[in-house]
Each structure stands twice: as structure tokens, then as C-alpha cells.
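First comes the structure, then the notes that go with it.
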Amino acid sequence: MGSQVLQILRQGVWASLTGGWFFDPHQSTFSNCFHLYVWIFLLTFPFLLYMVLPPSLVVAGVYCLVVAVIFTTIKTVNYRLHAMFDQGEIVEKRNSTLGEQEEEAAQGDSNPLRDPGVEMTVFRKVSSTPPVRCSSQHSVFGFNQVSELLPRMEDSGPLRAAEEAGKRDHASNVRRTQAIRRRHNAGSNPTPPASVMGSPPSLHEAQRVRASSHSRALTLPSALHFASSLLLTRAGANVHEACTFDDTSEGAVHYFYDESGVRRSYTFGLAGGGYENPVGQQGDQAANGTWDRHSHSSSFHSADVPEAAGSLNLLQPRPVVLQGMQVRRVPLEIPEEQTLMEEAPPRAQHSYKYWLFPGHWTSVRYERLALLALLDRTRGPLENVLGVGLSSLVAFLGYLLLLKGFFTDIWVFQFCLVIASCQYSLLKSVQPDAASPMHGHNWVIAYSRPVYFCICCLLIWLLDALGSAQPFPPVSLYGLTLFSASFFFCARDVATVFTLCFPFVFLLGLLPQVNTCLMYLLEQIDMHGFGGTAATSPLTAVFSLSRSLLAAALLYGFCLGAIKTPWPEQHVPVLFSVFCGLLVALSYHLSRQSSDPTVLWSLIRSKLFPELEERSLETARAEPPDPLPDKMRQSVREVLHSDLVMCVVIAVLTFAISASTVFIALKSVLGFVLYALAGAVGFFTHYLLPQLRKQLPWFCLSQPVLKPLEYSQYEVRGAAQVMWFEKLYAGLQCVEKYLLYPAVVLNALTVDAHTVVSHPDKFCLYCRALLMTVAGLKLLRSAFCCPPQQYLTLAFTVLLFHFDYPRLSQGFLLDYFLMSLLCSKLWDLLYKLRFVLTYIAPWQITWGSAFHAFAQPFAVPHSAMLFVQALLSALFSTPLNPLLGSAVFIMSYARPLKFWERDYNTKRVDHSNTRLVTQLDRNPGADDNNLNSIFYEHLTRSLQHTLCGDLVLGRWGNYGPGDCFVLASDYLNALVHLIEVGNGLVTFQLRGLEFRGTYCQQREVEAITEGVEEDEGCCCCEPGHLPRVLSFNAAFGQRWLAWEVTASKYVLEGYSISDNNAASMLQVFDLRKILITYYVKSIIYYVSRSPKLEAWLSHEGIAAALRPVRAPGYADSDPTFSLSVDEDYDLRLSGLSLPSFCAVHLEWIQYCASRRSQPVDQDWNSPLVTLCFGLCVLGRRALGTASHSMSASLEPFLYGLHALFKGDFRITSPRDEWVFADMDLLHRVVAPGVRMALKLHQDHFTSPDEYEEPAALYDAIAANEERLVISHEGDPAWRSAILSNTPSLLALRHVLDDASDEYKIIMLNRRHLSFRVIKVNRECVRGLWAGQQQELVFLRNRNPERGSIQNAKQALRNMINSSCDQPLGYPIYVSPLTTSLAGSHPQLRALWGGPVSLGAIARWLLQSWERLHKGCGAGCNSGGNVDDSDCGGGGGLTALSNNPPLAHPTPENTAGSGDQLLPPGAGWGPRPSLSSSGDGRPPPLLQWPPPRLPGQPPASPAPTEGPRPSRPPGPGLLYSEGPSGKWSLGGRKGLGGPEGEPASGSPKEGTPKSQAPLDLSFSLDISTDASPPRAARDVPCLDSSAPEGGTPPGAPGAWPAASEERESPAAQPLLDHQY
């Protein structure tokens, strides 16, 4: 703890004060001296120049030039050194002093002086035999290394020359390997990754080194003698040095260092075993010394390691697996826990070529890590230029302020300290900084100090110049004198003091990094100045503000022209009316557009640059298609089409109203009437209705007054029903947005403009026109986007400036604009004070650590400072975060509404982004969190469709930008952050928490889900409470929470998850036998259903491989087959034989073959039966192979079943290799067979005798294949199925946790789920998020049980902190920023109608004309009926339907689906005619739906150029499209038969009605964009040669049936069998 505090004080506090300089005892002396001298020079040089030399611009120029030269030199050398390391040109220094010492030590010194340090490496032991690559990382490879263990050989000549050549080759290879690793280490993080440091050299180089050494004969080292003595002398025993890293043959010897630093060898023996020997005990001391200096590993430089003392058991096989880790050189006496953070200057083993000039270079002995510790690395030449330019600019502006005399006495030195800190941060910045949002090196934060310094210096100079020149006349606004000399000088002094406080400002982290500050400023200007919405990135902030400026510039010209001309009495100029019309229309359009132009640009690109879109589609075809981008483009297209019409209509209506002079004629009365109406409607809509709908209205009642229909339901069955108060809420909001507030703003604009023209005030017309344009644009956009906050702003404006301080009024428009700014800050202040008071309340404080208890008393004297910080944080929209989670609060830096500066999104791990070997061996992503994240992704998609509509209907209560909600259900707990709130759009981000969270998370989940209705306490007693009223304790406790329940029954579409333990379902052999039986039957089913069956039966290779199975007495006697699990096991032949197989499964094979459209031979010795037998044997053998042939044990069986379920089939028997003739035999038959068997086995528990009949089993498999997706959760098809709303899914999950290793059968069913919606104080969320970021990044608190994440029910501290971006928090899913549009909500679309567009208007006019034409024609005809010609008021010919089908299908509106088959009833037979024609044709029948009449289609003069698009039917419409033509039947219309005679049937009326014939050729087929045509299925139709008498009763498969869901034709017999 003490060392961590010292590190924070040294690297955090002191470095923040100095700009990055601090003394690091773990670095070299050169590094610390360089840092110190550079910082002293940057501090004293400007101070001495100012104190010694006279003030002059020449001195300032010299100062800037010196700084530029120094920084240019340092940056250039740093950049060149990194380029030198990247190129890796190594120079071998043979005559250096170090080389001479090494040679002397190698030749004669038996006791060389050891270096007081060792190379620290981390090892890992396992209890199994060493894997194949046990020597690939730390082993000493090659015969050259082994030969160095031996004494110097006495002979000389060619042998010695060859040996020295081998040594030189090896040394150069090691140096090249080290250079490669250093090149990979190039980056911002000074700590190299372990994977890079542990990478071995290439095998080619190792083999080249060995090739040079195999040409000489050397005596085996002592390790080889030891290994040969351990292995018994026998034939074939060959003790040899390992020739490759992967050599695990018998007698192969590998060398390595163990965790104690002892050199050891490992010799492989028989059957993978081996023996270990400490090499150092066999060699002499001189050889050890030689080893220490000349042996090199593939992943680290060896150092002098003392031999281990004591005896070792040499015969004990102790395999060691060595991991390549990062290398550090530390003194021996330092404890191990300290060595992980310490680095000493590395030993110079080699040098690099540093090119001074072309053709001239010098050798440099240095390393990359030392250079990174010395200076920050820049990423390119442009950054070097930027760094030099910023340092020179800091010097010039700083010295210019010194020359101006703004600083005197000690403040000169303080200002020079600020200059030095800003310049030094460009060389070695503070990492991590207090305002850094990320771990590790942040290159952006290095430029924060100089950029802010330059801005402040320019601001000081500009304010001083304005105060001296006074170019603007003083202006008094709301009692404040602006633009006076004292105003400018006061602002200059504030900026000067702020600049002097730079060290403390950056220590506290009050200024964000540059890009965050830019995004924050642009967003604040756009939101508070122009009424824009929140930004999601710096690019979107620039785009949104540019769009607002363009609109304001367009409107400014009209406004200025209107108020410059004199107005006649009781008359409004046309130009001003045009300005008003354009203002309202543009405000409406901008409010409906998102700040993110990505979707809009993709839409434009698809229209203007289709070739680019095709390229992007080609690159994306490899992945499963995602329907979301197309839906977003379609929604944006609908919005643009609607705005094209609505903006014109709004502009025309506004122009007409403004030109009518109603605002001037009634200005004395109309204003107050509008204020009263807006206030009353706002109070009722945004206060009274939400309070009555809350779970605890006013924290007094225990139940909501206005309850949804689902409130009393224990389990919801369908989508939420639209209640009358939801319709009222949505309607009142429309009245507010589109009538009241535009009228208020237009009235204020007209009155103020008339006043300005009549009585020019102190503002010039140009300024007044600008203020009117900006204020009108801002107020209208705010009213359109977020009406819940407008009525209070309007009320305070009227009360303050009409009753309290009328003399301060500057016109109602400007007053309203100013009050909107003030109210937004007051809301922030109120939320902050509520959060603080709730968090530090003494009666509910939760101390998470000892520091919390220590800091609690300091919260009392901190109260005054806390209130000041709350005011400042509300003014600048910054979070107020608790320090380390305690009761002491500090202000953080400003952030945009998005809050997080990094775009962190969860990346799902599945088979599409992992290597095949990892999928088969380690099964990545098998943890619950990764697998469960898909449910939060589906929840995000569901919210994308319904969130905006639900907010408009008031189901989440009042909302605004930046609000945070928690969705809580049985297992899903997610935090929804609203970022951008527009008119009909909401951009949000969802953060899903763990299903099985920590103890603290469970306590907070219980707090938000449990009810307080049963609490009867009052102080210390329990007197009870009134009915439906909270008790005193419950009401008091609910008021001291940072959250509240806004809805207890929020219905959202999702998946219900049920999991069963597979071990309990397969524990006994009988249950496994049932699974194997279903496995065999499923394989037979898929063989018979395959379209390639004929090709397989005629394949010569398959037939030749399966021909022996027909031989008498043949049986496959694989040990994996057993009588206990195989139903067709032949006990006589001890295996699986064809006769025993046919005795059990021949009936099933014949039934499956009979269901094929083409007949197939079904005898017991037919090719079909033989193929089925071969595939079933193969499938069972694959299961046994994956289970390691241990059928008696449950764990191996489950392991094999899971391996086959995810597609890991391993064909090991030569008898099964015939399957490779066509891999579809595995992919399309065996693989789906094992998955279907698991589903059938699970259904067996609910109904054991259900599948005894072949027909029932066949139909069940067909129905599951149609409606159910069975897949492994790592398969990308699983994610695609969930995101496409598949009704049911099934998977076998292998869960590997710390304490469990189990298999679960996961079943998903799509249904509507019930959530509790909890609204959390947004300042509580922002404060806790900011506190976590500061604690983990800057204060480096790595304690997993830190006090700031302990549960605090009053603030939901654990849940909020858990939802931070990783690695600060640990959410299992963080969604991308998702935009929800109101047009995608089906209920809201049905309530308001679809989007208005030119196409919809044209269709409506056309259909209206057709209605009028048919009505007039029928009315003029004596035998006609107007009602009949009107198509029943809702028929398919004339009804204007721009909406999708109803969300809840009913028999009436699904009767015409036309793709489901049911046998007709008995009432469809011929009957005597009741019509007046008397021709004997059948009368209208009384059954619904009517049958499809047989025979040829009626003659029609309609053109038949091609098929027309189908159209989903409206309510009460029967619609069909098939070979017999296209027809539709309304609720009260007849159907023309083969000869044109009408047939009528009504689902509600039992009496037939005589109607005129309906000519089918005149039917108009109309399809709209809002209701896309449904894809038609292939439905078997009646043959044209059927008898004319009609369909006989009981004929199956003739007529579509009315059902709520689409059923497969093959599933109908299953339904008949069940019911």
C-alpha cells in the first residue's frame, strides 16, 4: 500500500504539477539526469532572459528560436532512433571492450565476477506430459549451445574453425531475432507484450545454424550422458540432442531454465514420458561461466544465475511448460513482487547502425524500452512538426505576456513554471493524466497543456486589447454592463489567474483532452444556442453545428430585411411572414434529423454512387446479412419524404397565419391566452399524467392510479395494449409541439419585431435580427424535440419578467431564450444536489472501505465548498463525482452528453472471428457472459423498434437528453442511456449487466424489484397504513433514493430462456439409448429428405464401400458400440449388423421413403437401407470417438455429444472414409441428425409415447425443422437467428466456470417479456462513472473489492459502476449508439397513420376517385347497391392503407394469408340454388373462409405482362394469388366463380346476401412502401383437370386456413394427431 501511494504521488501528483517530470528510481541515471536538466533549462531560460535582458521582441525571437532548435533536435533524434530500431540493422562489435572481456572469461577465468542481477522470467507448471512445444520458447536449441557446456576442445584446425563459424552464425541469428522482437515492440506502451517477447526465432534460421554444426564431431555433453544412463540400453534407443523445437522422439534432449534459475535438461522417453536433470550439476564451473555469457534462449538474454543448492531427485519426471514473458533485469535482493515493475539499464549486447548522413553511420548501443522511458514516441513527421510548432508558440506567447507586464514579483516565476510544464509535456507527458479516459499511453493528452496555454494567452492578449481600445459601446443587458473597459479587464484578470493555476487545474483534471473539449464546446453551442440535439462524435458535432449555422444564415437575411423596412400600422410585411414560415418549417425539419449523418450519407451514396454501394455489399457478403442498416435507410427515406410535404404545408400555413395580422391585432390579449393554455396543457401532460401513471404516485400511493391493461397480469401474453390515457398523452403532446409553442414563438417574434421597428432600442438592427433569428430557431427546435421541459420554462419567464421584474425585460423572445438557458442549468443543479444529499445522508450511508469511514467526517466542513463546486459543475455541465466512492465530492472535467470518449462496443466471440484450432480445442467464448450477450443485443434491436414510440406514449414517464433508465426483469438487467432526443427519434446506448452478478449487484437488483407496499412501519412502531397508501417509513425511504420506478409492467419483445442440466437427462443408460435411437432415426430422416439421395445411391465409390455390409454374418464390432446404448445391437455377432438394424429401423426407413415425391427401393438389402446403415454406424462411431470410447462414463459422453453438436466430426476409422465422397453426408445428414436427436430427446420427457408412430415422428421432425433453429451458440447462424426473431431456438452449452464444468440444454422461445423501468438520477450516473474513471486510470486502484463498487441501494452504486466501459466496468454487452424512430412503432403508426408522402397522397386520390366512380355507377344502376360497390368500407380495392398489418393478427385479418392448408368442412358440398338466376349454380355458402373454386380461371381482359406484387390484406379481406389468378374478398363482398357468379360468405353474419358479380379483371393491386409485400410460399393448388362439381368434402390440403402464425404444410398432420 505504501509503495502504491508513493508511486501515485511521484508519477501522478508531482508529474501533474511539473508537466511530466519526476524522478524514477527504476530508470537509468542518464534518463533521470536528462529529464532533470531539460526541465530546469525550460524553467530557468525564460526566467533569466526576462530578469537579465531588457524587454524586447528581439529577445522573444531569440527565445523562440532556441526552443525551436532544441525541440527540433530532440524530436529528430528520437524519431531517427525509433526508425533505426524499426530497420534493425545490427552491427557486430568484435573488438570492443566487452567482447575482449568475454573472450578472456571464456578462455581462462574459472571464477568470473557475476553481475548482481538476473533475468526474471515467469514459468508455469502443469501436471501432464510436456506438450509438443515444450522446448520452443525457453529451451536452448542447437548443438552449438550444448557444446558451450563442455570445456574448450584441445584440438585445433578445421574443427575449431567450423565451431567458431557456427558460433558466429548463431550469435547473428540471435541478434536478428532480438531485433525482430524489438521491432514488434515499437509502440506507445513501454511494456512489451509477452507474446512478442516469447516468440521463438524462425525454424529456418535454427535449422541453418544446426546445419553448420552437424558437420563436426563433438563429445556429448554431460546432460546427454545423464540421459543415456537413465534410458536403458536397448535396440533403437538413441539419446540425442533435439534437432528441432518439436522433436519429442525417444531420447531427444532439450535444455531450459527452471523457475529457480537452474539450468536443466529434459529427455523424452517412451510413451511421451521423460526425465529431468539439472545441467549445472554435471558441468564444471568454467563451463557454467561460459554458458552464462554465450548461451542465448529464443525469448530472453541469459544472465548469470547461481546454481540451486541441495540435492535433487533426478529420476522424478517433472515436466515443465515454459511461457515466454517479458524480461526484466533486477538486483537479486529485491523481493519478487517489486521486480515486476522495475527496470534497470539493459546490458549492451549489440549496437545498431545510426545513419548520420548518406554513406556515413555510427554505431549506437541503446534499446527501445530505454528510449521509450526517455522520450515519448511520436507517430510520424507531422506530429514532430506539430510538437516543435506548439513549443515555439508557447514560448512566443508566454514571453509576449511577460513583456506586457501582466505578471510581477513571484508570479513571474510561477508563469515560467507554467511555460516549462507546457513545453515539457511535449517531450515526456504525464501518463496517465488526470483527464485521460484510457489506460496506457494517451498521445492526445500530451497536447492538452500547450493548446490550452496558447488559447488562454491569446484570450488574455485579446481582452486586454479590447479593454484598451473599447471598439464596442457599452451595453446594459438585464442590469449587467457588457463591453465596457472594466468588463474586458475583469475578464482578462480571470483568464490570467486561471493560467497561473494550470498546475493545479491539470492535477485535478478539470480540463478534458483537446478532442473532447472541441466536441463538448460544439455540442453546447448547438444545443443551447440553436436548439440542436446531442452529438455522438466530434464529426457529428461539427456537422450538426454547421447545419444549424447554415439554417440561421439563411433565416438571418429574411429577418434583417423584414425589420429594416418600416411597418405600416396593423400590417405585417410579406418578407416577415416569409421569414416566419421558413423559420417554423426549417425548425421542424432540423428537429426530425439526427446529428449523425451516417445513414443519410449512405442513402445519398446509394443514389449518387451506386458502384461504391455495390463494392461495400460485395465485401459484406461474407458475413450474415444484418437487416438493421436497410431498416434505418428505409426509415430515414420515409422521414425525408414526409418532411418534403410537411415542410411545405407548415410554411404555407405559418405564412398565412402571420400575414393575417392576428398577432398584432390581439397582442394585448393573445399572449396571455397562449401562455395560460401552454402552461395548463403542459402541467396536465407532463406532471399530472406521469405522476398518476408512476408505480408510487407522489411517493404516497402504493399503486398507480392509471394502470395499463397488463398491470394485473402475472405473465404477459402479448404486446401492450394502447390505453386511453396513452392516446391522450400523445395527442396533448402533438397539440403542444405543433400548435401552442409555435403560436407562442410566432407571437413573440411578431410583437418584438413590431416593437423594434416602431421604437429602435440600444441594440443595432443587425444584432437584434441575429438575436431574433437564433432565439426563434432555438425555442422552436427545443419545443419540437423535448416538450416536457418547456411549460416550466415558459411559466418562469412569465412570472419573472411580467410580474416580478418587468423593468429588466428585453422583450419576451429574448427573455424566453435566456430563461431556457437558465432553467437547463437549474435542472442540472437540482439533480446534483439531490444526488449529493441522497448519497451522503447519514442514516443510509454505506461504507465500502475504511477510507469511507475516515472521509465521512470531512464531508461536513466540505459542505460549503461542495455547494460552490455544484454551482460550477452545473454551469459547465461537468460531473460531480465522489472521491474513491466516499462522501467527499470533487468536480471532474466537462464531458458531452455521450459521456464516454471512446467508442467501445462489445465484440462477440464466435466461430466467425476465431481460429479453427481454438474452436476445437479450447472452445473460446464458452463462458456465460459471452453467450448471454446476444440477448442484450436482441433487446437492443427490440428497443430500436419501440423505444421512441413508447416514450411518446408516456410509458417511461418524462424523459430528456442524458437521462438514464434501468430495465430489470428476471435475468436481464440493463442500463439504457438516452443521448440524443429529437422530434420522433431517440439515440440510446444499452449496457447489459451479468446474469449472475456479484453479491452487491444482487442486493441492488432486489432493492429495485421488491415492493414496499407491505411496509407498515412509522418510525419505531408499526401502526399500519391506509389502503393503497404507503406507510410513513416507506414514503420517507422512497424520497431518499436516487432512482424511482416509473413502470412496473413494461412489455417488450424478447426471449424467455430455459436451461436444463444435460447430465440429469442422460445419467442412466436407458436415457442415452433413447438419445441414440433418435439420433439414428434423425439420420434416416435427413437421408430420405435430401435432394441428393439419388446421386448418393448411384455413386460407385459409396456403393463399393458399403457392399460388404450385405454379406451374411457381417457386423461392425467397434468397441464404442454397446448393448446398453444401442437398440439394434446384435448380441450374437457382438456388433452392429444389417439384419439387426433392419429389424428395428426398417419400418421407419420405409415410411420416410414413402413420403418422398419420387419412389425409392425400400427392401432390406436395397441401396437406401445400406446407405442408412452405413451413415448410422458412422454417426455412432463418431460419437464414440469424440467420447474417447468411454461410453460407460457420463462426462466423456457429454463431451463427445457437445463436440458433435458443434460440428467437430473426426473420422478415424478407415471403414468410414467413404463419407468423404461427398461432405454433404456429414454437413446435411449426420450433423443435423445429432442436433435434432437432442430436441426429440428433450420432448420425450414431456410425452414419452408421442413419437412411437412413424407419422407422428416424421411430422414432429418436419415441424421442428420448419419452426426451430438448433445450432451451437458459437455458430454465427445462432446470432443471425436471434436477431431475425426466430420463434424458437435450442442449443447445447458447455459452461466452464471457476467452480463448475457442466453442460446445459438451452431453449429459447420468443415472447413478450415484462420489465420494470427505473429512472435513475442522471447526475448520479455521470458522477459515479467519472469517479470510477479517475480512480482506476489516474489513481491506479486495482483492488477488485474496492469500496467504490460496494452496494449502495440508495444510489445503485454497484450496478452503475458495473456498466462502465471495460476495463473500468464489466458489462457483458455494450451496444453501439442506436437510433429509434417513432415511425417504426406499430401501435403509434396505427394511431397516427403512416408517413405523409407524395406517393401516399397520389394513391389516396386515386382510390378516392375509384370509390366515387364505383359509387356513382352503382347508384345509377337500378340493380346495384352502393354499399356493395364500396367494397364493404374496408375491402382490398379502395381502402387506403399506408400502414403495416396489425401487430396482433386475428382470424378476421389473417383469413386471407393464402399459405396455410386445412381440409374444408362438410358444408362445402353442392346445394340447391337460391339465386335468382336459376341456372343451378351453387349458392353462397355459410362457411368462413370460402373455398377455392376449382376449374379454369375466368376470362379477363387484364394485361398479363408479368406478375404483380402481392399485398397484405386489410381487416376482413381474403386475398390469394395462385395459378388460378388473383382475387380478393372483402368483408361484405362476393367472389366470382368460374363463370363470374358471385359467392358470398361472412364471418359474422350467417345469412347470405345477393350481390352483383365482381369482375376480377378490374382489381387494382396496390402496394405501398409502408406495407411491403409478403413473400409467398409454394402452396399446392388444385389441378386444372379437377372435376367441376367442386371440391369433395374432406379433401386435404385444398384451402387456406385462418391462423395466427404461419404453419408449415407438413406440420398439419401433427396438429391433427395432437388434437
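Glycine is treated like the rest: Cβ placed from N, Cα and C.
Residues annotated as compositional bias 'Basic and acidic residues' in TrEMBL: 161-172.
Among the features that TrEMBL reports, compositional bias 'Pro residues' is placed at 1481-1515.
Residues or ranges marked as compositional bias 'Low complexity' by TrEMBL: 1540-1549.
Taken from TrEMBL, the feature domain 'Pecanex C-terminal' covers 1162-1386.
Annotated region 'Disordered' per TrEMBL: 161-201 (among others), in sequence order.
Per TrEMBL, region 'Disordered' is recorded for 1442-1619 (among others).
Within its own chain, the transmembrane segment (34-51) is flanked in space by residues 18-19, 21, 23, 59, 62-63, 66-67, 70, 374, 395, 398-399, 402, 412-413, 416-417, 419-420, 423-424, 427-428, which lie at least six positions past its ends and keep a Cβ under 8 Å from the stretch. Under the heading transmembrane segment, TrEMBL lists 34-51 (among others).
The transmembrane segment feature in TrEMBL is assigned to 57-74 (among others).
Here TrEMBL flags 385-404 (among others) as transmembrane segment. Beyond the ends of the transmembrane segment (385-404), by six or more residues, the same chain brings 46, 49-50, 55-57, 59-60, 63-64, 67-68, 71-72, 75, 378, 412, 415-416, 418-419, 422-423, 426, 447, 450-451, 453-454, 457-458, 460-461, 464 to within a C-beta distance below 8 angstroms of the stretch.
The feature transmembrane segment is assigned by TrEMBL to 410-430 (among others).
According to TrEMBL, the feature transmembrane segment maps to 442-463 (among others). Remote same-chain partners of the transmembrane segment (442-463), defined as residues 6 or more beyond its termini with a Cβ less than 8 Å from a stretch Cβ, comprise 19, 188, 376, 378-379, 383, 386, 390-391, 393-394, 397-398, 400-401, 404, 406, 418-419, 421-423, 425-426, 429-433, 435-436, 488-489, 491-492, 495-496, 498-499, 502, 506, 511-515.
Among the features that TrEMBL reports, transmembrane segment is placed at 475-491 (among others). Sequence-remote contacts of a segment are chain residues at least 6 beyond its ends whose Cβ falls under 8 Å from one of its Cβ atoms, and for the transmembrane segment (475-491) they are 463-464, 466-468, 762-763, 808, 810, 818.
Taken from TrEMBL, the feature transmembrane segment applies to 498-521 (among others).
Here TrEMBL flags 541-560 (among others) as transmembrane segment.
Annotation comment: TrEMBL describes 572-591 (among others) as transmembrane segment.
The transmembrane segment annotation in TrEMBL covers 639-657 (among others).
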For the transmembrane segment (572-591), distant same-chain residues with Cβ under 8 A (at least six beyond the ends): 531-532, 547-548, 551, 554-555, 558-559, 561-563, 565, 643, 646-648, 650-652, 654-655, 658-659, 661, 663-664, 742, 746, 749-750, 753, 773, 776-777, 780-781, 784-785, 982-983
Confidence summary for the domain 'Pecanex C-terminal' (1162-1386), mean pLDDT rounded: 89
Long-range neighbours of the transmembrane segment (541-560), counting only residues six or more past its ends (CB under 8 A): 518-519, 522-523, 525-526, 529-533, 535, 575-576, 578-579, 582-583, 586, 590, 593, 595, 597, 753, 765-766, 769-770, 772-774, 776-777, 896
